Amino acid sequence: MSAVLPGIILTEISPLGCKRTPYKLRVDVTKQTSWIRRRMSLNPACSFLKTGRFPRLSRALREIAGGRERLSPDTNLDEKKLEPVTSKALARHRMAPVMANGSRDSPTEEEESGSQPWAGAVLRPGITWQALVFLCSVGIMICYADRSNISTAILPMADQFGWDKSYQGFVLSAFFAGYMFTQLLGGRLADQYGGKMVLAAGVSVWSACTVATPWAAALGASSLVACRVLLGVGEGVAFPAIHSLISRGVPQKFQSTSVAAVTAASYIGTALAFGLSPAIIEDAGWEWSFYIFGSAALLWLPCWLPLDVAERTAVKARQSPLPPSGPQDEEEPLMEANGGGGPPTTSSSGEPPEDSGIRNLVRLLRKREVVAICIAQYTQSWGLYGLINWLPTFFKEFYHVEVGQLGGLTMLPYVVQGGMGAVSGVVADTLISKGFSIRRVRVALQVAGMLGPAVCLVAATSPATSGSAETGSLFITVGLGLSALTLGGVSVSHLDIAPKNAGTVFGAGNTFATLAGLLAVPINGVILDMTDSWALVFGLTALHFVVGAAIWALWAGGEKLKEDSL
C-alpha cells in the first residue's frame with residue numbers, strides 16, 4: 001500500500017539492490033507538515049510513530065510530540081525541526097509505486113504530480129484551490145441567473161400567451177420537480193466519477209434549456225413545462241458536484257470560506273437576473289433575456305473544461321481493495337493510505353461485496369448527523385424557497401408598493417445575503433482555527449441564521465410596521481442577511497462529517513430543501529386565499545425556522561463519521 005506526500009511517494013521500500021531509477025524527490029516541508037496535519041485530522045487515533053521504516057524521522061516526530069507515542073491534530077509540528085530529518089530520511093530510499101494487486105509498475109501521471117489519493121485531493125500542480133472555487137462560483141452565478149430571469153420575463157410572457165396566475169405558478173414550480181430529481185444522483189455521480197464533468201454536463205443541459213425556453217413557450221404549455229423540468233434536472237447536479245469538488249480539492253481549513261463564497265455567488269446571480277432582465281426585456285424583448293443569460297455558459301465552459309483535475313486517481317484510491325492486514329515481509333509503511341485502520345471487508349476473490357457500497361451508504365444516510373442536515377435544509381428552505389417567491393406580492397399587497405418600485409426592494413435582500421454569505425465562511429474558518437470546536441461553530445452560526453430571520457419575519461408583519469414599506473423592507477433585508485450565517489453551519493457540515501461522500505450527503509440535504517420549495521409555494525398560496533393573512537404565512541415560516549434550529553442544536557455533528565470510511 002502507498003501513501004503520498006506532495007512531491008514524495010512513500011510505498012513499500014524496494015530492496016537496496018533494486019536497480020530501479022529512484023523518483024526525483026521534491027521536498028517541500030511546509031506541504032509535508034500540512035499533509036501530516038490533514039492526515040491526523042482524518043484519523044487522530046492513528047499512530048505515526050510506531051514504525052521501523054524511517055527510524056530517524058520517527059524519533060524526530062516523537063521528540064517534536066513531546067515523547068508521546070501518538071500525535072494529535074493539535075500537535076505543534078515545528079517545520080525547522082522537521083526539515084533536516086525528513087529530507088535526509090526520505091531521500092535515502094528508492095521508491096516505486098505498488099499496484100492494488102501488489103505488483104510494481106511505473107509511476108502514474110497523477111502520482112508524479114503529487115496528488116493525494118488517500119485524501120481525495122484533486123488539483124494538479126499549477127491549479128490552485130482558489131482558481132477552482134472562483135470557477136465554481138462563476139458557474140453557480142450563471143446557474144441562478146438562468147433560473148431566476150423567468151421571474152421577470154414571465155410578466156410579458158403571461159400577457160402574450162394569456163396565462164393566469166395559477167398557470168404562472170405551475171410553470172415556475174415545474175423547475176423544482178426536475179431539480180429535486182438529480183440532487184442525490186448528482187452527488188453520487190460526483191463522488192464516484194468526479195465533479196468536474198458532472199458540473200460541465202449540468203451547465204450544458206441547463207444553458208441549452210434556457211436558450212430554448214422562448215421556442216418551447218411558442219410550441220405550447222407542455223413543451224414549456226418539459227423545458228423547465230429539464231432546466232431543473234441540469235441545475236440539480238450543480239451544488240452536489242461543487243461540494244464534492246471542494247471536499248477533495250480545498251484544504252480543510254478553507255472549506256467553510258469556499259462553500260460560503262460559492263453560495264454567495266448564487267445570491268449575486270439572482271440579483272443580476274433581477275437587475276438586468278427588466279432592461280433587456282424593455283430594449284430587446286423578453287426572448288433575449290433567455291438568449292443572453294443562456295449563452296453565458298459559452299464563456300465559462302472554455303475556462304472550466306481545461307481545468308486539470310486529477311479526480312480519477314482519488315476515486316480509484318478509495319475504491320481499490322487493499323492488501324490483507326497482518327505481518328508483512330517488509331516493515332509496515334510510515335502512514336497507511338486507508339486511514340490507519342484495517343482493510344475493508346472483501347469477498348474471497350478480493351473484491352468488495354456487490355451490495356456493500358449501498359448498505360454502507362444507507363447506514364451513513366441514517367445517522368442522526370445526516371438527518372439533522374436534511375431537517376435543517378428543509379426548514380430553512382421553507383422560507384428561502386417558499387417565501388421569496390411571494391416577496392414581490394407581499395410588498396405590493398401588504399405595503400401597497402407600486403410594481404415599478406419593487407425592483408430595489410426585491411434585489412436588496414439578495415445583495416445583502418451575498419455579502420453576509422462571504423463573511424460567514426471566513427468567520428467560521430477563523431473561529432475553528434482559533435481552537436473552537438467544529439460542532440460549536442456550526443451550531444452557533446446555524447442557530448443564529450435561523451432564529452434571527454424568524455424574529456425579523458414576525459416583526460415585518462407586526463402592526464407597528466404595517467404602514468411603512470421602508471421599515472418592513474429593513475426587517476426583511478436584515479432577516480435574509482442573517483440567514484446567510486447558515487453558510488458556515490449546515491451548508492458545510494457534510495464536509496465535516498462525510499468528506500468521502502460529501503456530494504451524496506449534500507444531495508440528500510438539498511433534496512429535502514427542494515421538497516420544501518415544492519410544498520411551501522402552493523401552501524402559502526392556499527393560506528392567502530383562505531385567510532388573506534400575511535402574518536400567518538410569515539408566522540408559519542418562523543415556526544419552521546425555530547423547529548429546525550432546535551433539532552440542529554441537538555443532533556448536529558462536527559467529526560468525521562466512521563460510516564464515511566466504509
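Just so it is clear, glycine is given a Cβ too, placed from its N, Cα and C backbone atoms.
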Where TrEMBL places transmembrane segment among the ranges 121-144, 505-528:
505-528
Short question: most Cβ pairs under 8 Å with the transmembrane segment (167-185), which of 197-217, 258-276, 370-391, 505-528?
505-528
Remote residues contacting the transmembrane segment (223-246) - C-beta distance under 8 A, at least 6 residues beyond either end:
122, 132-133, 136, 139-140, 143, 146-147, 170-172, 174-187, 189-191, 194-196, 198-199, 201-210, 212-213, 216-217, 255, 258-259, 262, 309, 494-495, 502-504, 506-507, 510, 514
Please give the sequence-distant neighbours of the transmembrane segment (370-391): residues at least 6 beyond its ends with Cβ less than 8 Å from one of its Cβ atoms.
172, 176, 364, 409-410, 413, 446, 449-450, 453, 457, 476, 483, 486, 489-490, 493-494, 497-498, 505, 508-517, 519-521, 523-525, 528, 537-538, 541, 544-545, 547-549, 551-552, 554-557, 561
Segment proximity, the transmembrane segment (505-528) to the transmembrane segment (258-276), 3 or more C-beta pairs under 8 Å:
no
What parts of the chain pack near the transmembrane segment (197-217), using Cβ distances under 8 Å and only residues at least 6 beyond its ends?
136, 139, 142-143, 146-147, 149-150, 157, 161, 182, 186, 189-190, 223-224, 226-228, 230-231, 233-238, 240-242, 244-245, 286-287, 290-291, 293-298, 300-301, 304-305
Roughly where does the domain 'Major facilitator superfamily (MFS) profile' (132-560) sit in mean pLDDT, to the nearest integer?
81
Pairs of Cβ atoms less than 8 Å apart decide it: which stretch in 411-431, 443-462, 505-528 has the most with the transmembrane segment (534-555)?
443-462
